[in-house]
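What follows is a set of notes on a single structure, which appears directly below.
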Amino acid sequence: MPRYSILAGIAKGMRLTGEISSYLNEENENEMNSPSYSIGPGFPHPQKLVVGYALTSKKTKSFLQPKLQGLARNKGIIFVAIDQSRPLSDQGPFDIVLHKLSGKEWRHIIEDYRLKHPEVTVLDPPDAIQHVHNRQSMLQDVADLNLSDCYGKIGVPRQLVVKKDPSSIPDAVGKAGLMLPLVAKPLVVDGTAKSHQLSIAYDQLSLLKLEPPLVLQEFINHGGVIFKVYIVGEAIKVVRRFSLPDIGEHEHLCNDGVYRFPRVSCAAASADEADLDPSVAELPPRPLLERLARELRRRLGLRLFNIDILREHGTKDRFYVIDINYFPGYGKMPEYEHIFIDFFLSLVQGKYKKRLMNNC
Ligand SMILES: Nc1ncnc2c1ncn2[C@@H]1O[C@H](COP(=O)(O)OP(=O)(O)OP(=O)(O)O)[C@@H](O)[C@H]1O
Ligand SMILES: O=P(O)(O)O[C@H]1[C@H](OP(=O)(O)O)[C@@H](OP(=O)(O)O)[C@@H](O)[C@@H](O)[C@@H]1OP(=O)(O)O
Ligand SMILES: [Mg+2]
Ligand SMILES: [Mg+2]
């Protein structure tokens, strides 16, 4: 029996008798002794909120930290691992499904599940995730936004997509009017280390050495600090990270070739406490981020993502979005545990209210 038909049943005055425990597989049975959550005033019956998750082991470790699990348990939220070797519909029932796995097969499984179980909140829809797995389409929605007069200007760097034939790159770069140096990024982000292998091309000749399919993006000097804007539903949290240093005239002239660079901004070390030039360190204006997050949530159809933003060095309010990631490393986001718990509760409260309205 789907959990939400139970909610609707309760709303109509039915009593709940031990049905929930049959939902939980054995390994979670002792969770039944933990507290339950109440989904709102006038709704006294306690419930368990079950979050099924299908994540890589790396993600499970970084996201499902003991503190999150403990706080969640106290609020009546339990996490249940999805067994990928068994049909998804035979598992649960879940209130929420969290997932980040690569491959077509998983996409089909989760899409099929969404269609068959509209009562379950799947975070997030596979098509919406696919959209941000391509470095061209991921930034298109930002480019389409006209956020030029919202406490600052926000756009995307000029960029060019090269699908094949590296010999055509210098010409294409010239025609598109892109200025060197350029950041070369694999077109598709598929969760592999290779899809995060970026390089800088300093001169025309080195463009021939690049391996399409890729995106060539103008390098934006930003004072070595990047802003990572984490979004969890309605919540927004910004952190500073160290990034690449500026490329001045001198560095540009003295370098040639293609330089691979490491995943500098992914490192856990935060730049939040560093002694930085205030004009570089100042966070982007809150109203700008709120507007951007709201628009992107709607346009992308995602609730769990982050946005990488650069401030052009020497400007106060010229910002560039350079990357959008689905279900990023939230474990590094301060207070992520409370933010997620509130988010999960808000999702079921929202659903419950909707059900009540429909039943009235
Ligand atoms: N256009 C740019 N101008 C200047 N620096 C850039 C630019 N694009 C990327 N960088 C630098 O390279 C880093 C990685 O770029 P990007 O975020 O696009 O790659 P990614 O592989 O998607 O990384 P992530 O681990 O965040 O998913 C950025 O954090 C930033 O330091
Ligand atoms: O490795 P971390 O935990 O930090 O998380 C990174 C995450 O890897 P994971 O999903 O395998 O965990 C990456 O996902 P893929 O593109 O490779 O799918 C991407 O979202 C990065 O931007 C995240 O770093 P952050 O932007 O938060 O610094
Ligand atoms: Mg990034
Ligand atoms: Mg990325």
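Glycine too: its Cβ is placed from the backbone N, Cα and C atoms.
As written in TrEMBL, here are the features:
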- LYS59, LYS100, HIS196, LYS228, ASN325, GLY329: 1D-myo-inositol 1,3,4-trisphosphate binding site (BINDING)
- ARG135, LYS185, 217-228, SER243: ATP binding site (BINDING)
- ASP308, ASP323: Mg(2+) 1 binding site (BINDING)
- ASP323, ASN325: Mg(2+) 2 binding site (BINDING)
- 148-352: domain 'ATP-grasp' (DOMAIN)
**Prompt:** How long is the line from the C-alpha of ASP323 (Mg(2+) 1 binding site) to the C-alpha of LYS228 (1D-myo-inositol 1,3,4-trisphosphate binding site), rounded to the nearest angstrom?
**Reply:** 9
**Asked** Does anything in the same chain, at least 6 positions from GLN217 (ATP binding site), have a Cβ under 8 Å from its Cβ, and if so what?
**Response** PRO157, ARG158, GLN159, LEU182, VAL183, ALA184, LYS185, ILE322
**Asked** Rounded to the nearest angstrom, how far is the Cα of ASP308 (Mg(2+) 1 binding site) from the Cα of ASN221 (ATP binding site)?
**Response** 14
**Request:** Could you round the CA separation between LYS100 (1D-myo-inositol 1,3,4-trisphosphate binding site) and GLY223 (ATP binding site) to a whole angstrom and send it over?
**Result:** 33
**Prompt:** Ranking the binding-site residues ASN221, SER243 by other Cβ atoms within 10 Å, which is at the bottom?
**Reply:** ASN221
**Prompt:** Where ligand 2 binds, which of the binding-site residues ASN221, VAL225, SER243 are close by, with Cβ under 6 Å?
**Reply:** none
**Message:** Cα-Cα, whole number of Å: ASN325 (1D-myo-inositol 1,3,4-trisphosphate binding site) versus PHE219 (ATP binding site)?
**Reply:** 19
**Prompt:** Among the binding-site residues listed here, ARG135, HIS196, LYS228, whose Cβ has the fewest other Cβ atoms inside 10 Å?
**Reply:** HIS196
**Request:** Filter the binding-site residues LYS100, PHE219, SER243, GLY329 down to those with CB closer than 6 A to an atom of ligand 1; keep them in sequence order.
**Result:** PHE219, SER243
**Fill in**
What remains of the binding-site residues LYS100, ASN221, SER243, ASP308, ASN325 after requiring a CB under 6 angstroms from ligand 4 is ASN325
